[in-house]
Structures are given as C-alpha cells and as structure tokens.
Amino acid sequence: MLNKPVLVESLIVFIIVLFVHAVVWDRYSWCAVALAIQAFYVQFKWDHLLQLGGAVFQFRTAANSGLLPASMVIPLLGITMKERCKSAGIVYFERFGIVVASTGMLVALFLSVIAVGITKPVPANTCILTGVAGSIIIYTMKHSLTVSEVIEVLEVLLIFVYLSMILLYLLPRCFTPGEALLVLGGISFVLNQLIKRSLNVIEGRGDPIDFFLLVAVVGVVLLGLFFTVLFIFMDSGTWISSMFFHMMTAVLGLGVIMPWLYRLIQRNPLFWLLQFLFQTQTRVYLIVYWTFLAASACGIVFYQNAKRSSESKKHQASTITRKYFHFIVVATYVPGLIYDRQLLYIAAVLCLAVFIFLEYIRYFRIKPFGQTLRHLLSLFLDERDSGPLILTHIYLLLGMSLPVWLFPRSCAPKGALSGAGALVPYSGVLAVGVGDTIASVFGSTMGEIKWPGTKKTFEGTMTAIFAQIIAVALILIFDSSVNLNSSYAWILASVSLVSLLEAYTTQIDNLLLPLYLQIMFM
C-alpha cells in the first residue's frame, strides 16, 4: 500500500522541479526530470527494504527513505548556479555548476542502483526506469563535460562510495538513505575540491574564506575517523585516553590542518584570522553580540537541566523549548547578513568545527566534559536522534549556514543577486528560523486541522507562510542590498511550496528546507 504522505511529499518535489525547469529549461532538464521519475519509484524499494530490515546498513527507522527529495537537491543547485553564472558571463563557475549538477545526478543514480540491486525479487519495471534515466544522464554528460570534468565527477563518486561504506557502518541509525546522500555527497564534493585546489595552488588565487570552509569540514571529518579507529583499541573514557585525545587533536590541528591552510592561503592562518575578525569596529560589535547570544543559549541549556527533577529522569524538553534555539539563531544570523556576510561566513565555519568537536567529546566520553555533555544534551533529544550521534543542533547550524556558504558571490554583481535571488542568503533564516519555528509553535499550541497522514497542522503551515512573508517585508526595510524587482508572486509560491514540504517530509527539515528555498530563489 502506498504511503499518502510520501506521495504528497513527492508531488511537492515534482512541482518544485517543474517550476525551476520552466524557467531554465535546457538539456539538463531532461536529465533532472528522468532522475526525479526514477527516484520516485526507487524510493518505495528503499522504504520496503527499511521495513524488512534488508538494507545493507542500519538507517534511521522513524522516517521514510527520502530518496526523491534528497536526489534532486544537488542537481538543482548545480543547474541554478549554472544559469546564474551564465547570465553573469562567468564561464568558470558556469562550468562548475554543470559539474555539480552532473555529480549530484550520478551519486543519486548510484544510490538508486544499490536499492534495485539488493531488492529480491529484482523489480523489472524499476530496473528499466533506472536504466533509461542512467542512459539519458550519461549521454548528456558525454556531450557536455570535458575529459577533466568527467574525471572530477568520477572522483567524487569514488569518494562517496568509500565514505558511505565507512561512515554508515560506524554510525548506524544516524541517517536515512536520503540524508546520507546529502551529507556524504556534500562531504565527498568538499574533499575532492580541497584535494584539487591543494594540488593546483597559485599564489594569490582564490578567496581565503572559501579555503577555511573546505579545510574545516575535511579536518573535522578526518579527526573523527582517526579517533574512531583509535578507540577501537582503547577505552575512550579513561583519563589517559582523554589526555591522548587532546594531545593528538593539538598535533593534528597545528601539524596538519594549519600547514595545509598556510599552503592554500599563502599566509599564517591564525594571524590572518585575527586580523580578519577585528578588522572593523562593526565586526567587533557583532562578535560581542554573538558572544552574548551564545552565553544565553548555554544559559537555557543549564536552566532546563536544573528544572529536571530527580523524579523525572525521562523528561524531555518540549517543542517550544527547543525552538528557543531557533529564535537565538535567527537573532544571530540576521545582523550578520545585513552588516557583514563575510564575517558571518567565517563565524559559521568556526561554529561548525566547534559543534562537531564537542560532539566528539560527548560521543567518546572524553574527560573532563564528555559525561557532562551527555547529561546536558540528553534533555533535548527527539526521535530523529536515534543513532549514537546527536546531530539536530548541527543540522540547524548547517541549515542556516549553507545558503550563506553556497551563495554564488562571483556570479553576483556587487555581491547581490537581483529579484528573488537577493533573498538566497536569507533562505535558512526564512525556512528554518522563521517558517519551521512558527509552524511548530503555533501548530502544537493552536493547531486543530491536521494534514492527512501527518502530525502537522493546517494552521501551523498557514501561519508559517504568513510569518515568512512578514519576514521578507522586514528584510526589505532593513537590508538596502535586497531588491526584489516585483518578483513577489515567485517568492510567495516558493515559500508556500517549501512550507508544504515541511508539513509532509519526515527527513531532517533543518537541512532540506533551506536548500529547496535557496533553489527556488536562485
């Protein structure tokens, strides 16, 4: 029996795909449509495998596979980037967009082939659809990519295969297949870009800000893999192991990551960072303000844990309590987007590295803070934190930061796109900070009419749409760089579709919604 919420979720994704390609129809559109159709069929095979426990790895069980919405994100991002950079006349990034789109399609197709291959009996119709979609994609790639670009796409696919085998084995029940596609596909692409740029360093070429993101992501992933292997042979909870953890972190940071950054940016990374952070008075004010907000977030964690009595050890924080952090994140990002986006970019990278490092300390029970972090964060767990890692706060940071990191600055005249594209950096703020938060708060307190087959309410979704429209109006008032050029109907359609997707998706909405809103705005 077909799952109605999954059908509605798929319908919304198909509408978004058609909306995008109604504007930018070209040869890649045929590939995207073919990929969407085959992903729609294959995701039911994945769902069947998850229900029977027949998947190769252990995936998150409280959600469907999410293959269709995840499969379309990277290809659509690449296609929209290609069109934006083509209109700006930036050939290098136009080609880069084509590589991103091709890579996303091939990685998604690979995940589909796995599902078809391990399904017994072999689904003949789905095999035919997958073969047709694969043929269209490979034919288009053959006539669109140069030899070096084909090699780059295959390199990312190879990294994705190996990362999937390693991380999905080490981190059971942390991802759905769709979430694994997005997270591991993104890490694979970042790792390949870092290797490519490290081998082709040209002095003065490239923005140091971009290199910080690449090195930070790859550095924390390699750090986690190193300690995971190490603690197979050691008890991570002892003082000796903890001292070794901190010592090796310092050695890897100062002996590998810092020299790597130095090679890329051709200057001392610490001196450059200090100079960058305190370059203007505005940056100093923003850093002080963000420090106050970070202290407030820590205060909420301690206060909520203090309220937990000894008789209610199983007590969990309410939905409204968890949304306090969404309000704090909005208060963090909006001033950064208005006054200094480069500072926000670097601050988000540093915050991501700190979050992941603290998660390592909690997961490995590193003394003296590991057990304390386990106790403090256990209050804020929800059904999505079913694996050994707690990832929801990291997903929240990623959802807010990805539109800032992925904003095509080189293809934006004077640092801003026109029309709805001017709202691209605000996609995380609108989709997660405003839309998801308001939908959750109003839906849980005043919602009565539920969307069919879900726990989400009609009132929550409508309130979220209305709140995001108000937020857009406030952005227009306070950010002079935003010029929508009468694209209000497109913005309303984009916000409405993403809000409906929030009501029906069982994937990590903090990660998925900002990316789809960014695609629509671009």
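Backbone N, Cα and C define each Cβ position, glycine as well.
Taken verbatim from TrEMBL:
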TRANSMEM  12-41  transmembrane segment
TRANSMEM  61-80  transmembrane segment
TRANSMEM  92-116  transmembrane segment
TRANSMEM  153-171  transmembrane segment
TRANSMEM  211-232  transmembrane segment
TRANSMEM  244-262  transmembrane segment
TRANSMEM  282-303  transmembrane segment
TRANSMEM  324-339  transmembrane segment
TRANSMEM  345-365  transmembrane segment
TRANSMEM  386-406  transmembrane segment
TRANSMEM  426-446  transmembrane segment
TRANSMEM  490-517  transmembrane segment
Margin query: Cβ pairs under 8 Å only, please: of the recorded stretches 92-116, 324-339, 345-365, 426-446, which one is richest in them relative to the transmembrane segment (282-303)?
Written below: 324-339
Next item on the list: May I ask for the residues of the chain that lie six or more residues beyond the transmembrane segment (92-116) and have a Cβ under 8 Å from a Cβ within it?
Entry: 28, 31-32, 35, 38-39, 42, 45-46, 49, 56, 65, 67, 70-86, 122-123, 126-127, 130, 133-134, 137, 141, 144-145, 149, 152-153, 156-157, 160-161, 177, 180-181, 185, 188-189, 408, 410-411
Check: Which one, 12-41, 211-232, 324-339, 345-365, 426-446, has the most C-beta pairs under 8 Å toward the transmembrane segment (490-517)?
Finding: 426-446
Checklist line | Selected stretch (most C-beta pairs under 8 A with the transmembrane segment (345-365)) from 211-232, 324-339, 426-446 | finding: 211-232
